[in-house]
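J.: Not my notes, these are from TrEMBL:
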type	residues	note
TRANSMEM	6-24	transmembrane segment
TRANSMEM	31-51	transmembrane segment
TRANSMEM	57-76	transmembrane segment
TRANSMEM	102-125	transmembrane segment
TRANSMEM	131-153	transmembrane segment
TRANSMEM	189-218	transmembrane segment
Amino acid sequence: MNVYLDALLFSLLFGLVGWIYSFVKTNVNIVDSMWSLFFIINIACFAQTNSISDNQWMIYVLLVIWAVRLSAYLCIRNANKPEDSRYQDIRRNYSPHFPLKSLFIIFIFQAVLALIISYPLYYIFNPIDEQGWSFLMPLSYLMIAIGILYETIADYQLYKFKKTNASGEVCNSGLWRYSRHPNYFGELLITWGIFVNAIQFGHIFIIISPLLMTYFLFKFSGAGLMEETIINRKPKYKKYIQSTNSILPWLPKES
């Protein structure tokens, strides 16, 4: 488990760098761009003691594509923008001394959470038993690749919508017609795809990773927290909630 401790150390150092940047800018948006990169740090630490198999290379390449694309997109989206309303609410709730508190409740929290969710990746790169080819491998690659593509399309559609529509309008076309957070559905496919790959190398307890990610996206830091602020800014969003699934895509309900 020394590699797990290495991953924790480097993730905390990366979080500290992000916190210093946020302290200078008085804006913690940078943590959104850091989220996916925590997983690349973890993989680099997990893989340091072994030669890399074909399966491990596939997982590594897919997750690097996901992480770099998502981080770059969020950097571009948040550039020169005010602090996200989610973080403004947290800033108010944890004042005074929020800049110091944010190191723990935002940056260290996300570093540790990413490490917990990376639990299946530890077993992919440090398997209990060496396994030959399994049908679970291509299935997991397909799930992860579809998740990356789905999330990318959703992000692009929302980006185009925001450029051509007023700020109070609700994006309900394309993938956003079938769920209110299609990008999160892509994230779920990626997380569960990693689990499908890892289950043959580890033990059943690694299911805590996709279950935790699912809970956070549905109830805590994802859709639940975000929509509390969206309704206040976009009156039409309440009707959108009534007609459209949160994350899992499905046909919209009749008005």
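The backbone N, Cα and C atoms fix where each Cβ goes, glycine too.
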J.: The transmembrane segment (189-218): which same-chain residues, six or more beyond its ends, come within Cβ distance under 8 Å?
T.: 55, 59, 63, 66, 113, 116-124, 127-129, 131, 134, 136-137, 139-144, 146-148, 150-151, 181, 224, 246-247
J.: Check for me, if you would, whether the transmembrane segment (31-51) reaches the transmembrane segment (102-125) - at least 3 Cβ pairs under 8 Å, residues 6 or more apart in sequence.
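T.: With 3 or more qualifying Cβ pairs, these stretches touch.
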